[in-house]
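**Student:** TrEMBL feature annotations, pasted as is:
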- V96, V235, W506, H507: FAD binding site (BINDING)
- 94-117: domain 'Glucose-methanol-choline oxidoreductase N-terminal' (DOMAIN)
Amino acid sequence: MAEEIKSKVDVVIVGGGSAGCVLASRLSEDPSLRVLLLEAGMDAADPEKYPDLANPYPGVAYSNPIYTWPGMKASYGHSGSNAPETKSARYEQARVLGGGSAINGIGANRGAPSDYNEWADMGLVGWGWEDCLPYFRKLERDLDCDGPLHGKEGPIPIQRRGSEISSPFVDAMVAANKALGVPFHPDQNGEWEDGMFEMAVNMDERKRRVSVAWGYLRPEVRQRPNLEIRTMTTVADLLFEEGRVRGVIAERGGVRDAIEAGRVILSAGALATPAMLMRAGIGPGAHLADCGIAVRQNLPGVGQNLMEHPSAGLVPFLKPSARRRGRPDYHIPIGYRFSSGLEGCPQGDMHMNFVTRAAWHPIGRQLGSIFFWVNKSYSRGQLMLDPRAPRGQPRIDFRMLSDRRDLDRLMGGFVRAVAIASDPRLGDVTHGIYAGGMSEIGKLFSKPSGVGKAVTSLGAIGLDAIGSLREKVLPYMLAHFDDPQRLVSDRDALETYIKSTVGGVWHPSGTCRMGVPGDHMAVTGEDGAVRGVPGLHVCDASLMPTIPCANTNLPTIMIAENIADRLRRA
């Protein structure tokens, strides 16, 4: 360890996202532990100072580049090869204290009990549903529901506002689904069963988003003398001494700081954590050699097992009477869990949202969304460094739909969405329902601005006033514009369409997965300790061996609560 040490602590946590903030809060409860949390982004946790982040409508926050990593791209499709010429697209990942919880869609759900029992069946002790449920209860303060499945005293408030924030369009979708025999349940986080429900969201009594940075790092927590939080700080490298990780080299404003620590925990997320490991010489040996990196520990599983939830959608143009009025509020009142019925796939393996608006601006208010995804995916991708620039952006190849089961189920989700949308009730609230997503032209107006609001205001007036203009303009605003009825009548055309348009849900996971001794692709043990590298742990969504049927924020918080307990007992 040649660097001159400038700081000494007991624990350094690299990454202040959904896991890192939890770890900082829980570990610093022990006054004998000196804890340092490092975050590359800004500290924007206070809802009074950052109302755009406190707003439960996420379309403003995640479209603002100051809160995301610049230049991050990924290959989505099923035939990606991770080659330089592979076509890639922007993939937003948070760079702000609180991580994804500061800019995401605030979905607060857990997944199926079978998701976690699957982990236990792999031999991972302490990760079955009955082990994880106490941590789900510990993290939450449910404002609506009681009983053995719910917590009432945790840092993250959870509520359901579906009936309050719905719209005539969403009401019509619910009625159409009920006509098909789909039940409505009172609690998304209740018993795991198919049906519709009001979306459970992490929102407080004042109807504000509560990120982990605000929920877990309240002012009284930040005042602990044994906790330090440094934002706008990146980690350039890990420090080693005789094979053991002894600290990190942090950088802020061009100034380097060598920090010694008894334990280093990487909580930078499922994309940054494996890249950080590989740059430090921990990962697939042959790939590291190709990148000119000396191999410290050959762990072939680093960067592998990359998972996401493959998605697609329909876009209705809403009649004026069917739109939600007022300022942008949370936009997903109702969710719908259903089962594909595909052999070998679990119950509730699919999810669909009925969405009141597509974007923050006036045209976005004219467009709704029927958004659906494979909630238990089997396709696996990988993250690798670029051998030409190992410290640059990694190559992210999700390989979505590479497992035929995912392709067949996403196609089935499309057919189901069209069936619901074919109900006559939808004709009363829409001028048409189209296959497609936001085009590059449409994305130009995603970043909130006065110019964008002015242009889309004028455009919205024209789209409402002139039906023929709608038919000419929408194909340019919507990428892969097509007729849903044509696609469902031609299975080959639908397959081609789904393959070419598949997207994700910003749920990357699995790239440093937990495993048992003898599992050569596991990166850590069940406690998050990196194999063969003393002093180094991982704690974030990259630990997930399989992806749960859930938005991954709450499962990631649960993982951090579990790991924090293990570390404090160690």
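From the backbone N, Cα and C atoms, a Cβ is placed for every residue, glycine too.
Could you give the neighbours, burial and distances for every feature on this list?
**Tutor:** For W506 (FAD binding site), applying a Cβ distance below 8 Å and a minimum sequence separation of six or more within one chain yields Y91, E92, Q93, G100, N104.
Within the model, the domain 'Glucose-methanol-choline oxidoreductase N-terminal' (94-117) shows a mean pLDDT value of 98, rounded to a whole number.
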**Student:** Taking the Cβ of H507 (FAD binding site) as the centre, count every other Cβ atom within 10 Å, in any protein chain shown.
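**Tutor:** Here the count is 26.
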**Student:** Mind giving me a neighbour count for V96 (FAD binding site)? Other Cβ atoms within 10 Å of its Cβ, every protein chain shown.
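**Tutor:** Around the Cβ of V96 (FAD binding site), 29 other Cβ atoms lie within 10 Å.
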**Student:** Which residue counts does DSSP give the domain 'Glucose-methanol-choline oxidoreductase N-terminal' (94-117) for helix, strand and coil?
**Tutor:** 9 helix, 3 strand, 12 coil
**Student:** Over the residue list V96, V235, W506, H507, recorded for FAD, what is the maximum interresidue Cα distance in Å?
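**Tutor:** Value for the max Cα separation, rounded to a whole number: 23 Å.
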